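Residues annotated as signal peptide in Swiss-Prot: 1-23. The region 'Pectinesterase inhibitor 17' annotation in Swiss-Prot covers 24-171. According to Swiss-Prot, the N-linked glycosylation site annotation covers N112, N160, on the basis of sequence analysis. Annotation comment: Swiss-Prot describes 237-414 as region 'Pectinesterase 17'. The annotation substrate binding site is assigned in Swiss-Prot to T277, Q307, R418, W420 on the grounds of similarity to another entry. Look at Swiss-Prot and you will find D351 tagged as active site, nucleophile, backed by sequence analysis.
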Amino acid sequence: MMAFRAYIINFVILCILVASTVSGYNQKDVKAWCSQTPNPKPCEYFLTHNSNNEPIKSESEFLKISMKLVLDRAILAKTHAFTLGPKCRDTREKAAWEDCIKLYDLTVSKINETMDPNVKCSKLDAQTWLSTALTNLDTCRAGFLELGVTDIVLPLMSNNVSNLLCNTLAINKVPFNYTPPEKDGFPSWVKPGDRKLLQSSTPKDNAVVAKDGSGNFKTIKEAIDAASGSGRFVIYVKQGVYSENLEIRKKNVMLRGDGIGKTIITGSKSVGGGTTTFNSATVAAVGDGFIARGITFRNTAGASNEQAVALRSGSDLSVFYQCSFEAYQDTLYVHSNRQFYRDCDVYGTVDFIFGNAAAVLQNCNIFARRPRSKTNTITAQGRSDPNQNTGIIIHNSRVTAASDLRPVLGSTKTYLGRPWRQYSRTVFMKTSLDSLIDPRGWLEWDGNFALKTLFYAEFQNTGPGASTSGRVTWPGFRVLGSASEASKFTVGTFLAGGSWIPSSVPFTSGL
C-alpha cells in the first residue's frame, strides 16, 4: 500500500512539473495583451498553452509571438486538411478540397515569409502578406460554398487560423497612408542586370514560343517549365491562339506577346462545368514578380456557365501592361497581394473585376457586356478584415458598353460594384463613366449586408454616368472632396508603386 501511495505522489508531482512546462506565458500578461486584439479568446487559449512562459515586454515582441503562434496553427491546419481528402464524396468536393490544399500551402509560405530573417520585410510587406494569408483561407471556404458541398468537409476545417491572422493584422496595423522609403524605381529583390533588362522596351528573350515551330517551344507551359534561375525569365509568345490552362508558380516570369488580340491564351473552365472559381482561371499567376505585356487572356465558357475566370493573380508586385482580359462573370480575379494594370482592356458582366488584392487599374478600358440577367456589376471587392491593406482602385480609366450591350442598354442596369465581403473597398477616380452606369452607382449584395462597413468612393469622375446626385446614401459610400483624400488611393501611396513598378511600364504615381 505504501508503495502504491508513493507511486501516486510521484505521479502527481510529475503531472505538476509537466503542467508547469506547458503552462504557457504568464496569464496576467496574456490577458492584457490579448485584450487588444479582435479575437482575444483564441489568443489567450493558445498562448497560455504554449511551452514558453517568459514575460511579454513590448508590442513588437507580442507581434513576433503572435506570428509564431499563427504559423504553428497554420501548419497543423494544413496537415489536418490533407487528412480530409478521403472524406470527399464526389468530384465537386474533391475540387474544393484540392484548392484548399494549395491555399493552405500558400498561407504557410506567406506567414513564413513575414518571419524569415533572410527576407527584407517592412511593416507594409508584412501587412500585405498577412492579408494574403487570410484571403487564402477565405477562398478555401468559398470554394465549398459555391459548389454547394458544405456539409462534410467544411465543418471539419477550423477557424482558429483565420482568427489568429486577424489578430496579427490588428497588431501589425500600418497607417493607411503609410509610404515606405523611396528606392530607385525597382524593388530591392531586382538585381542590377534585371533592372537594365526591364528598362528595355524590347527585352532579351530567354525563350520563344511559336505554334508554327519557329521558336524554342510550341506551348507556353513548356517554356514556363524550362524557366530556371532566380532572375527575370522573359518568354516571348508569338502571335497565335494558345489553348492552355496555366498556373505560373515560378517567380519573376515575364510573358511578352505581340499585342492585344494577336497573342491569345484561352481556356473554358467554369463553375458551371464543375470547377471552383479559383481553379477556373485560364491563367493563374502565383509566383511573385510576374509581368505580362501585349497578351489577351480569355475564358470562353460563356455567360451561361456562371463564374469563369480569364486571369487570376496572386503574384505579389505583378504588372500587366497593354493586356486584355475577356470573359463574362468573374473575368479578372485580382486575388491577393499587390498588382498594377496599365493600358489594359477588361470585358465582363457580373463582378468581373473582383478579389482581395491591393490592385490599381490605370488608363484602362472597362467594357460591360450583355448579361444573362438584366444587371451588370463591374467590381466585387473581397476585403474581409478592416486591417487588410487591400482594395480595387480604378484610376484615369473609361467605363463603357461593349458592342453586344449597346442594343439593350435601355433594359440593362450596370453598377460600379457591390460588396462581396464585409469591408469591401473600391474607389473610382478621374474615370470616364458612360451613360450605362445606373444613377444609384452601386448595388447591394444581400439586403443591408456591409453597407455600414464598406468603403466605396468616387473622385472627380466625368461623363454622363458620373453624376453623384442620385447615388446610394449608404453610410459606407462617400464622394471624396479633396485631392489629399483621393491621393491615398494613388499608385504611389496605395501600392508604393514607385519602389517596384519597372521603369519600362509608364505609370502616374499621383492624381
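We count from 1, first residue shown onward.
Note: Cβ is positioned from N, Cα and C throughout, glycine not excepted.
The model shown is predicted, which means the values in this text are computed figures rather than measured ones.
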Cβ-centroid neighbourhood (8 Å) of the substrate site, T277, Q307, R418, W420 excluded: Q329, D330, V350, D351, F354, A380, G382
Neighbourhood of N160 (N-linked glycosylation site) by C-beta distance under 8 A, where only residues 6 or more apart in the same chain count: P42, F46, R73, A77
Between the two most distant Cα atoms of the substrate-binding residues T277, Q307, R418, W420, the distance in Å is 18
Can you give me the Cα-Cα distance between T277 (substrate binding site) and N112 (N-linked glycosylation site) in Å, rounded to a whole number? 27
In DSSP terms, the region 'Pectinesterase inhibitor 17' (24-171) comprises 109 helix, 0 strand, 39 coil
List every residue in the same chain as Q307 (substrate binding site), at least 6 positions away in sequence, whose Cβ is under 8 Å from its Cβ. E146, S270, V271, G272, T277, S280, Q329, D330
Out of D351, R418, W420, point to the one nearest N112 (N-linked glycosylation site) in space (Cα versus Cα); all of them are recorded positions in the record. W420
Check Q307 (substrate binding site) against DSSP and tell me helix, strand or coil, would you? coil
Give me the count of other Cβ atoms within 10 A of the Cβ belonging to W420 (substrate binding site). 24
Along the region 'Pectinesterase inhibitor 17' (24-171), what average pLDDT does this model show? 89
Does DSSP give D351 (active site, nucleophile) helix, strand or coil? strand
I'm trying to understand the geometry here, so how far is the Cα atom of R418 (substrate binding site) from the Cα atom of D351 (active site, nucleophile), in Å to the nearest whole number? 8
